[in-house]
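Chemist: A single structure is presented below for examination.
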Amino acid sequence: MVPDDYIEQVLKTEAGYVNDPADRGGETNFGITAAVARAFGYQGAMRDMKRSDAIAIYRQRYWTQPKFDQINAIDARLAFILFDTGVNMGQATGVKYLQRSLNVLNNEGALYPDITADGGIGAMTLSALNAFVGARGTRGLSVLCDMVKHLRGASYIEQAESKSSQERFEYGWQTRLSNLEPA
């Protein structure tokens, strides 16, 4: 189960209803898009979505479904970063950042084989992560977490570069990222 303090942290950042025409996510409440809310059975107006609905979606869509509980058993900081990235950018995005990072940290396959950066946490990703932790330890986990965050930050820059309307969000995105640590 997702730790409640993780949810509370993300809720503080994503608090409230937003319907900004420049926001690529469209209409959201608590950081949940209308499309995601509908996929989870919410039929009301997005403005009226309850906090409890958001928490239920966070637990299922952004924690259990992508298997971040299994990452949390290995490292809480990494799990929180992936959880927050999932809410902000889609749950597969952070996993791809993790997989790409693991691939370039494996010493050309000497520590573990390359894995497919498919955005899903499966046996190969977990095996690579465990092998990485076994080889690099706590310091390695810190480097890995930073790499995932750096890829996220670069993605924000690329979004603003490719569509100037996104520049208005850049400072907030980067601030969120620079403050991203589990409570």
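A Cβ is built for glycine as well, from the same backbone N, Cα and C atoms used for every other residue.
Note that this is a predicted model, so its numbers are computed, not measured.
Among the features that TrEMBL reports, domain 'TtsA-like Glycoside hydrolase family 108' is placed at 8-90. The domain 'Peptidoglycan binding' annotation in TrEMBL covers 94-177.
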Chemist: Report the mean pLDDT of the predicted model across the domain 'TtsA-like Glycoside hydrolase family 108' (8-90), rounded to a whole number.
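Modeler: When the pLDDT values over the domain 'TtsA-like Glycoside hydrolase family 108' (8-90) are averaged, the result is 94.
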Chemist: How do the residues of the domain 'Peptidoglycan binding' (94-177) split into helix, strand and coil according to DSSP?
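Modeler: Once the DSSP states are binned, the domain 'Peptidoglycan binding' (94-177) shows 65 helix, 0 strand, 19 coil.
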